[in-house]
Amino acid sequence: MEFPNCTVVDHPLVKHKLTQMRRVETSTASFRALLQEISLLLAYEALRDLKVREEDIQTPMARTVAPVLDGKKLVLVAIMRAGQGILDGMLQLVPSARVGHIGLYRDPETLSPVEYYYRVPGQLADRDVVVCDPMLATGNSAVAALQRLKKSKPGSLRFVCLLACPEGLTNLREHHPDVHVYTAAIDERLDEHGYILPGLGDAGDRLFGTK
């Protein structure tokens with residue numbers, strides 16, 4: 001099955017690090033470090049088309065014209081709580097980015113998202129916004145977060161995740177065909193509880209050591 005709204009970052013380092021994260025014996029500290037490392041590599045691909053402009057600068061040897069990022073500062077939005085792991089990695093690459101958080105939890109019965117927190121930078125209009133969440137499972141949380149952000153009319157929206165599955169990608173494409181997804185892998189399917197298979201377990205619990 002092909003997903004035109006999704007780019008899988010096909011790189012040996014990404015594949016290797018993801019395999020280490022999947023292992024049940026991987027410690028919380030290692031899981032956290034690996035997620036930050038993969039996030040850097042995902043960010044490189046997701047931000048490939050950011051606009052640049054030419055600026056006159058002075059090097060130690062001569063004056064020259066060189067490219068710098070153009071436009072308003074990038075905004076990174078983490079879907080709490082596991083999205084913080086990807087956010088931390090991306091901030092190493094773009095430390096000047098503005099940061100927002102959306103708190104959503106999944107109702108265990110309906111699998112629908114319930115919002116409990118929303119705090120993003122003001123004036124999102126015309127800004128490039130990247131939404132971060134390790135797992136694109138049912139896609140319901142991603143759909144809800146993107147819908148909320150669209151009310152502020154951002155210039156562009158992208159979604160960065162560690163793992164996706166066909167169900168989540170299809171759901172997101174149906175509701176937000178304009179949003180491109182960047183991921184390390186597309187796994188097989190969801191189980192009856194809405195978890196990705198083969199997956200890596202609950203990303204939030206493994207990231208924060210809460211289980």
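Yeah, the Cβs are placed from backbone N, Cα and C, and that goes for glycine too.
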* Per Swiss-Prot, member of ASP10, ASP202 binding 5-phospho-alpha-D-ribose 1-diphosphate alongside ARG81, ARG106, ASP133, PRO134, MET135, LEU136, ALA137, THR138, GLY139, ASN140, SER141 -> ASP202
* Asked: Checking the binding-site residues ARG81, ASP133, MET135, ALA137, GLY139, SER141, which are within 10 Å of ILE196 (uracil binding site) at the Cα level?
  -> MET135, ALA137
* Among the binding-site residues ASP133, ASP202, whose Cβ has the fewest other Cβ atoms within 10 Å? -> ASP202
* Closest to ALA203 (uracil binding site): which of the binding-site residues ASP133, MET135, ALA137, GLY139, SER141, going by Cα position? -> MET135
* Cβ packing number for SER141 (5-phospho-alpha-D-ribose 1-diphosphate binding site), 10 Å threshold -> 25
